[in-house]
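See structure below.
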Amino acid sequence: MTDVEIKAENGSGDASLEPENLRKIFVGGLTSNTTDDLMREFYSQFGEITDIIVMRDPTTKRSRGFGFVTFSGKTEVDAAMKQRPHIIDGKTVDPKRAVPRDDKNRSESNVSTKRLYVSGVREDHTEDMLTEYFTKYGTVTKSEIILDKATQKPRGFGFVTFDDHDSVDQCVLQKSHMVNGHRCDVRKGLSKDEMSKAQMNRDRETRGGRSRDGQRGGYNGGGGGGGGWGGPAQRGGPGAYGGPGGGGQGGYGGDYGGGWGQQGGGGQGGWGGPQQQQGGGGWGQQGGGGQGGWGGPQQQQQGGWGGPQQGGGGGGWGGQGQQQGGWGGQSGAQQWAHAQGGNRNY
């Protein structure tokens with residue numbers, strides 16, 4: 001894919017043709033009394049506003065604590081994000097770039113993080129190249145390419161850490177990036193604590209009633225399953241955040257079905273947690289012979305983030321096997337080295 005094709009796909013070009021998601025911000029942390037007029041009064045200082053709404057409880061008509069502001073161009077959004085913190089109705093609120101509905105099939109979209117996950121990393125990519133490229137979105141504090149422990153070659157993904165979560169949001173909205181002549185796709189690189197927060201957000205949004213256009217959920221609605229941290233799963237191959245498994249396993253949501261709440265076939269993992277032949281992974285999803293999810297039953301064992309392994313390794317969050325596992329379940333006692341601050345080659 002060429003730079004021109006990347007720009008066309010990402011909606012770059014004339015401000016009048018900019019996609020709405022590049023011109024919209026989500027504003028959380030509003031008081032129950034915040035009105036559209038109060039939001040407009042504050043955000044009009046950054047430029048022309050084309051639409052504004054405070055999401056309200058259908059019964060009480062009071063603010064549900066968040067809303068959206070759409071500007072006439074992306075430059076107004078940039079100006080607003082540079083002038084944080086924002087104080088509306090006497091309270092510091094939480095503005096961030098809005099995620100379009102067609103991308104909103106992952107609850108983590110509304111969780112802020114300073115770390116960016118980068119897929120499509122090739123052997124001719126270096127950490128310095130990642131730093132040089134992504135510096136245009138903000139100050140990069142760290143870049144790392146994840147290597148295979150045996151071959152010392154890139155496993156196809158890496159991470160870039162910024163000093164501000166808004167830099168990550170800008171990169172995610174851009175979708176695809178050309179780094180050293182190769183297309184790289186990005187998403188938020190959430191920690192397990194941030195993933196837990198994302199799930200709580202998802203649960204809260206599900207209970208929050210309908211949005212203005214009738215879609216269930218709060219922050220632009222909810223959605224289905226995610227992709228894989230480290231690319232598609234291979235039968236018998238290594239997992240993303242975990243050791244090798246027997247049958248098939250996935251990365252963050254897996255490749256043999258889907259992520260949160262989506263049904264899958266065969267075997268699959270959650271956070272890179274490999275599975276043996278049967279059993280579901282992900283958050284509450286079903287597949288094969290058992291259910292995964294947060295503590296869901298799996299072959300008469302408790303499942304974790306992606307469920308337990310059939311062998312000696314236990315599950316992740318809440319998962320138990322014969323031994324305690326790591327993130328999503330790992331073989332034996334080996335845990336994800338990066339999470340422990342150890343060797344980066346995993």
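Backbone N, Cα and C define each Cβ position, glycine as well.
Listed features, source Swiss-Prot:
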DOMAIN    23-123  domain 'RRM 1'
COMPBIAS  92-107  compositional bias 'Basic and acidic residues'
REGION    92-111  region 'Disordered'
DOMAIN    114-191  domain 'RRM 2'
COMPBIAS  189-215  compositional bias 'Basic and acidic residues'
REGION    189-346  region 'Disordered'
COMPBIAS  216-296  compositional bias 'Gly residues'
COMPBIAS  303-331  compositional bias 'Gly residues'
COMPBIAS  332-346  compositional bias 'Low complexity'
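Remark: secondary structure over the domain 'RRM 2' (114-191) totals 21 helix, 33 strand, 24 coil, with classes taken from DSSP. Across the domain 'RRM 2' (114-191), the prediction's mean pLDDT works out to 96.
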